[in-house]
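Participant: Sharing a structure here in structure tokens format.
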Amino acid sequence: MRKRRLPDETGIFIVLVAVLAVFSILSPNFRTIDNAFTLLVNGTVIGFLALGQTFVLLTGGIDLSTGANIAMSGVLVALVMQAGVPWPIAVVIALIAATSLGVVNGLLIHFVRIPPFIATFSTQGVALAIPLIITGANSIQVRDIGFSWIGQGRIAGVPVPVLLLLIAAVIAGFWLRTTRQGVHVYALGGNKNAARLAGVNIARTTILVYAISGFCGGIGGMIVTSRLMVGFPATGTGNELFYSIAAAVVGGISLFGGVGTVLGAMIGAVLIAAVSNGMNVLSVQSYWQSLVIGVIILVGVSFDTLRRSRSGRPVFAKRASGPNPPPTASPPTAPPQPITTPSTTESR
Amino acid sequence: MTTEATAPGLLVDSISKSYGPTRALSDVSLLIRPGQVTALIGHNGAGKSTLLRSLSGAEVPDTGNIRIDGVALQLAVPRDASDAGIACVYQELSLVDQLTVAQNLFLGHETVNGGLLSRRQMNKTADELCAEYGIAARAGDLISSLPVAQRQMVEVVRAINQNAKYILLDEPTTALEQEQVDHLLGIVRRLSADQGIGVLLVDHKLDEVFAVADHIVGLSGGRVVLDGSAAEVDRAAVIEAIVGDHAAAAASVEDIVGDGVGETSLDSVETVSEAVRAREFGRPVLEASGIAGNNLFGIDLTVHAGEILGIYGLVGSGRTRFLRTVYGAFPLGEGELRLLGEPFRPTSPRQAIKAGVAFLSEERKADGFVPQMTSIENVVLPVLGKYIRGGILRWRALKGSAEDVLSQVSIRGDVSAPITSLSGGNQQKALFARATLQAPLLLLLDEPTKGVDIGAKREIYGIIRALADEKNVAVIVVSSEEEELTELADSIAVFRGGACDGVVYPRSSVSAAQLRELAWAETADRV
């Protein structure tokens with residue numbers, strides 16, 4: 001859909017290759033096939049969250065509830081299996097619940113007009129509390145051994161979660177490029193008003209992206225519970241959400257909406273997983289990980305912001321439209337002045 | 001006017017300002033006297049806004065200067081103007097809705113006692129100010145709970161409270177009911193008479209101007225065309241001056257002023273009846289009757305297949321609002337719309353598009369296109385639904401169609417690059433390509449050549465003409481440029497103060513000056 005001489009993902013891909021090269025040189029343990037799979041499997045949860053986050057970020061929103069969704073759906077699937085329901089049905093039920101959380105986010109954001117940050121911040125709290133309340137903070141054992149296939153199985157030597165993520169990412173990327181609804185996601189994030197006037201169904205698109213994000217959080221919950229064979233109510237409270245946003249953003253998904261690809265976000269997820277895994281292998285204290293990843297987010301967002309302001313759309317529109325007096329322009333004794341010239345004068 | 005250089009008051013001393021090749025102000029001089037109300041009137045684009053911005057420090061004139069009591073001012077930023085005692089009250093108010101009346105009145109000038117805000121004293125002063133100026137509000141009321149008129153007065157009072165000596169009011173009465181207008185004008189009067197404040201009032205309504213002003217200054221094409229005492233100039237002279245075309249105006253202005261009959265007095269202007277239009281063009285595509293609500297006050301209008309109907313009116317006369325109502329972007333209040341004879345009540349642009357309506361926004365960048373997308377993607381956005389097989393978009397067919405319509409409008413630039421890489425004129429042509437691809441019954445155009453160079457303008461006229469003649473599209477064009485309408489439109493309707501009576505003038509019988517006169521004359525006569 002977007003023809004460029006060099007794909008936008010080239011930059012982040014080079015960074016990934018460089019990071020992998022550095023870790024491989026530093027540690028012989030890092031460059032083993034086994035570790036590669038460990039890295040990827042550990043990365044799948046972040047990858048799924050980042051995938052869902054990609055849809056939401058493309059519309060200019062954000063989903064803070066997806067980490068909590070891991071805990072909610074992960075405990076729910078364990079509880080349903082404990083009640084004697086076969087694991088495939090339990091998985092379907094848990095995924096429906098996870099998707100519903102996303103739908104609620106979308107409804108709150110579109111119809112109640114709560115800003116995405118606040119809406120998903122609130123539902124995050126709710127989604128974190130539900131499993132703790134139901135289980136009394138106890139873990140729920142999973143006895144249905146079939147369920148372990150999701151997180152621990154292998155097909156032709158490749159771990160199942162990695163395959164699942166691959167399939168999901170391919171479908172998602174394809175969907176965004178080749179369906180009407182996919183194009184609408186970009187249009188909504190690029191310019192909501194223009195999208196509306198061009199006939200884009202804003203309500204449906206908004207609800208859909210949050211539902212997809214919820215669904216992806218649910219898959220993350222399945223993988224976590226399946227790997228541990230325990231529904232653990234305190235999962236998802238850690239770095240998953242943080243890492244997933246980092247992955248999407250360093251992968252070139254604009255926090256302002258309308259720009260980015262699934263491929264970029266997935267490379268970003270592998271990069272984050274590699275940094276995390278590499279530091280483990282090198283026995284760096286785990287406290288350093290979020291520091292490093294925090295810096296990665298900052299760098300990614302700074303690039304995004306600069307790119308945006310350079311493309312002629314000021315990031316700080318209000319400041320740009322009305323020149324502010326420099327602090328030295330008036331006597332220091334003068335009290336601060338209210339805005340006497342609204343920035344809207346340009347429109348007249 | 002250099003002889004007045006030392007006169008008391010706020011003096012605009014022969015300032016000029018150009019934007020690129022356009023001269024917004026040329027050698028404009030005027031004096032705002034303390035204790036008097038000076039009314040500034042002029043047509044769309046006459047330079048009023050630029051003059052206001054120059055006085056409020058938002059714009060620096062190329063030449064000339066601004067003086068107070070003979071002393072030249074350096075107004076580089078808005079702060080300089082307010083420091084000099086000049087306050088500008090725009091239509092978009094700069095009050096903080098979530099704060100109280102008192103907090104707004106003292107914003108940035110809070111009364112502080114020992115490091116703490118003395119709220120009681122500020123509230124007391126605020127209540128006194130409200131009582132003094134007849135504002136029906138109390139110090140503790142939130143601004144958001146007040147009607148527009150009260151907010152405007154709060155802003156005026158704030159300026160006075162902060163020692164403004166000169167107050168510039170930009171069309172303060174546009175959104176007000178008659179009773180509130182009288183109240184506001186009363187306050188303006190008192191401000192100048194009792195407190196010795198110099199007021200510059202920008203207003204479109206001549207009744208109000210004559211009711212309150214001591215002096216009247218008319219701008220036309222960036223020049224002062226009238227400057228005199230309100231007692232000495234009459235309406236005829238005012239209309240003649242601002243309408244610009246002296247010869248054409250002189251003939252009919254007498255009648256307007258003479259008996260106040262408004263519409264019928266422009267003798268040389270013929271109207272064209274619905275029957276004649278129906279014969280000349282196709283069947284009626286859109287029929288609007290009694291459209292009201294949301295600042296519209298009764299619009300009757302019909303447009304036929306193959307007809308280009310121009311809508312003329314002053315900025316703020318409801319033209320854009322009407323178009324957006326037809327397009328489903330604003331809710332339809334009272335009245336009825338019919339599309340091909342069927343009742344039509346779109347609740348979203350999506351529905352309007354499905355029904356065969358296309359729309360081009362006045363603000364391309366704000367809501368016309370998606371900047372991150374390529375021209376091709378922008379063109380196909382509304383018609384994606386027509387190019388789906390098995391749920392999958394047929395991008396090749398979409399691209400083919402898009403390139404086809406884009407080449408029809410002869411775009412210069414890379415259509416596979418983000419649309420923002422094109423020039424303004426080419427962006428607009430791309431949006432016309434989009435409308436063409438929609439194959440609409442009805443095309444709504446809001447200032448279709450805004451910010452477009454002359455060459456592209458010609459091409460756009462050609463595109464619109466071709467849509468009407470070859471595709472039999474009914475086109476409604478809103479424009480502030482009289483020449484654009486007299487050249488492009490088959491028939492022209494005039495909006496005034498949110499209303500339109502359905503009277504349509506054939507292009508051949510109405511001149512640019514007469515259009516201006518129609519827009520002004522009846523605004524002036526409406527009480």
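Placed from the backbone N, Cα and C atoms, the Cβ positions cover glycine too.
Note that TrEMBL annotation is computational and uncurated.
Since we're looking at a predicted model, the values are computed, not measured.
Reproduced below are the annotations present in TrEMBL:
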TRANSMEM  A:12-30  transmembrane segment
TRANSMEM  A:36-58  transmembrane segment
TRANSMEM  A:117-134  transmembrane segment
TRANSMEM  A:155-176  transmembrane segment
TRANSMEM  A:207-230  transmembrane segment
TRANSMEM  A:242-275  transmembrane segment
TRANSMEM  A:287-306  transmembrane segment
REGION    A:314-348  region 'Disordered'
COMPBIAS  A:323-339  compositional bias 'Pro residues'
Participant: If we skip the immediate neighbours and take only residues 6+ beyond the ends of the transmembrane segment (A:155-176), which ones have a Cβ under 8 Å from one of its Cβ atoms?
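Facilitator: Same-chain residues near the transmembrane segment (A:155-176) but 6 or more away: 37, 40-41, 44-45, 47-48, 51, 54-55, 58, 149, 182-183, 185-186, 212, 216, 219, 223, 227, 261-263, 266.
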Participant: Of the listed stretches A:36-58, A:207-230, A:287-306, which one has the most C-beta pairs under 8 A with the transmembrane segment (A:242-275)?
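Facilitator: Looking at each of A:36-58, A:207-230, A:287-306 in turn, the most contacts to the transmembrane segment (A:242-275) are made by A:36-58.
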Participant: For the transmembrane segment (A:207-230), give me same-chain residues lying six or more residues beyond its boundaries with a C-beta closer than 8 angstroms to one of its C-beta atoms, as numbers and ranges.
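Facilitator: Residues packing against the transmembrane segment (A:207-230) from afar: 41, 44-45, 48-49, 51-53, 55-56, 58-59, 61, 63, 65-78, 91, 94-95, 97-103, 105-107, 109-110, 120, 139-142, 147-152, 161, 164, 168, 172, 181, 185, 236, 240.
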Participant: Which sequence-distant residues neighbour the transmembrane segment (A:287-306)? Criterion: at least 6 residues beyond either end, Cβ under 8 Å.
Facilitator: 239, 242-243, 245-246, 249-250, 252, 254-256, 268, 271-272, 275-276, 279, 315
